[in-house]
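To start, the structure under review is shown below, and the notes come after it.
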Amino acid sequence: MAEPNDVAAAGAAAIAASFEAYQEERARITRRARERFEKRDWAAGQADARERLDLRDRLVNACVGTVRAELGGAAHDHGLWRAMKELYEARVESRPDREIGQSFFNSVTRRVFVTVGVDPAIEFLAADGPAVREGPVPVYARYRREVSTEALLRTVLRACAFAAPYEDLERDARIAAIELDSHLRELDDGQPIEALELVKAVFYRGKGAYLVGRLRRGRYTTPLVLALVHGERGVVLDAILFTQEDVSIVFSFTRSYFHVEVERPRELVAFLSTLLPLKRVSELYIALGFNKHGKTELYREIARHIAETGEAFVPARGDKGLVMSVFTLPGLDVVFKVIKDEFKPPKQTTRREVMDKYRHVFRHDRAGRLVDAQEFEHLAFPADRFSPEVLRELSEECRGSIEIGRAEISVKHLYAERRVTPLNLFIREADEWTARQAVLDFGRALKDLAATNTFPGDLLLKNFGVTRHGRVIFYDYDELTRVTDCVFRDLPTPSGDDEETSGEPWFYVGQDDVFPEELLPFLGLAGRLREVFLQAHGDLLTARYWRAIQERIREGEIVDIYPYREEQRLVHGYE
């Protein structure tokens with residue numbers, strides 16, 4: 001019979017080996033992004049993204065099976081797992097991705113024990129250890145500005161050394177330098193560029209490649225992103241972004257995750273935090289594709305906020321939904337969504353179908369228009385931190401998802417998302433110009449979603465939101481479907497007065513039929529805002545528009561929605 005220490009060592013070794021396999025496979029998939037960009041193999045890039053998203057759960061599940069086999073009847077021995085945690089920590093302590101390894105261990109323990117809340121004896125509560133320091137080789141390269149901004153940009157573009165030619169590198173460096181120098185003159189702080197510190201790894205996503213760094217200008221730093229695309233005639237510097245707002249949109253929670261080679265994620269996150277100080281650490285890990293560890297960091301941020309404030313969960317702003325109970329913490333820009341036990345008419349979906357829709361969004365190109373939702377299970381919160389309104393709604397409508405104790409309320413399943421302002425409230429409260437811009441972007445959002453094969457299903461304004469950057473996004477997924485699964489039809493012409501005045505449809509309507517001409521009343525737009533929408537986006541109300549989108553998707557066209565405005569494209573602006 002094996003000694004307990006031997007069993008613990010075997011269990012820790014099994015988890016460490018699984019984590020090592022995960023990181024190696026993840027890195028292998030990520031490395032392919034460069035070749036996909038160079039060869040313009042966008043379909044393969046999409047397949048890589050899906051493969052990487054599924055990878056961690058697959059290996060964690062396999063690891064759980066291995067560990068159960070190693071531990072046998074002691075699989076739920078708490079003392080044994082405490083020893084395993086110590087042994088595992090020793091194995092990953094010196095790794096540059098130590099925090100990712102700790103989250104991997106936590107995932108395994110939670111699958112085995114189905115832990116409610118957090119068990120500090122067998123889980124890592126935080127990536128404790130020394131403060132983030134630059135490794136022996138920093139994650140960025142430093143380029144001094146010795147001659148001109150144009151020469152500096154020319155140098156960094158050449159340093160990429162893609163196995164594909166630039167369409168016109170000299171032109172791109174010249175135009176980008178004009179844009180950047182003009183912006184810096186407007187700052188009027190008298191600080192010229194001294195150097196550019198650029199992350200060595202290229203950030204790939206969809207059809208884009210991004211060089212990310214910061215300009216050193218005396219006591220100031222300026223974020224900088226060079227956005228590259230690969231067209232039919234070669235690689236092009238498509239945009240240069242140099243404000244916190246524009247760079248933040250590149251790393252938005254409405255975007256799919258980057259494929260970027262990173263050996264020291266904690267150090268890279270620390271660097272990115274200097275560019276984007278308003279972004280939480282959790283969001284940066286998630287943007288880099290370490291979404292499971294990002295979820296761990298998000299939980300820690302939530303727990304820290306609860307511990308440090310006297311805030312209670314309160315109902316989120318907006319109309320109450322039929323599918324979810326939604327609440328928030330006033331000082332934290334996160335909403336929590338719990339699926340209700342029953343859905344009142346006219347909803348005809350099921351809990352499983354709702355969860356499948358969220359899973360679909362997780363694996364889909366979010367096009368900058370779909371909120372990333374982090375899925376949690378078995379969380380516990382202090383009972384005295386729930387307002388009476390939230391507690392009443394959870395007790396009455398989500399009883400199957402919660403357990404109420406004297407000290408804690410445990411939630412079996414919830415989604416956490418970034419909090420945004422519901423579009424219907426935003427328009428109601430905004431001035432006329434701002435409301436017009438929101439309506440225009442609402443139409444653009446519908447078109448971006450359509451181009452990436454997403455039809456919201458329910459187009460009521462309350463199901464859309466506005467980010468702090470003024471972008472319209474969609475966050476209510478229970479009726480979401482693929483554009484290619486819909487049948488877009490023109491309304492038949494009535495053949496007589498009886499049909500024209502009938503209060504019921506006098507023609508057959510299939511389950512997947514959509515009549516775009518009938519969508520306008522559901523949008524809830526009136527007066528001048530209705531006119532603004534119709535003038536700019538009236539084509540959305542025609543079946544012809546949607547059928548054309550379906551044809552493009554079925555022909556294999558892959559549309560990439562870039563994280564910057566059309567007018568920010570460099571060649572577009574100077575042709």
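Backbone N, Cα and C atoms are what each Cβ position is placed from, and that goes for glycine too.
Residues or ranges marked as active site by Swiss-Prot: Asp372. Here Asp372 (active site) comes close to Phe253, Thr254, Ile286, Phe362, Arg366, Glu417, Arg418: these same-chain residues lie at least six apart in sequence, with C-beta atoms under 8 angstroms from its C-beta.
When other Cβ atoms within 10 Å of the Cβ of Gly318 (ATP binding site) are tallied across all protein chains shown, the result is 19. The ATP binding site annotation in Swiss-Prot covers Ala316, Arg317, Gly318, Asp319, Lys320, Gly321, Leu322, Lys337.
Using a 10 Å Cβ-Cβ cutoff, Arg317 (ATP binding site) registers 14 neighbours.
Reduced to three states, the DSSP call for Lys337 (ATP binding site) is strand.
Once the Cα atoms of Ala316, Arg317, Gly318, Asp319, Lys320, Gly321, Leu322, Lys337, the listed binders of ATP, are compared pairwise, the greatest separation found is 15 Å.
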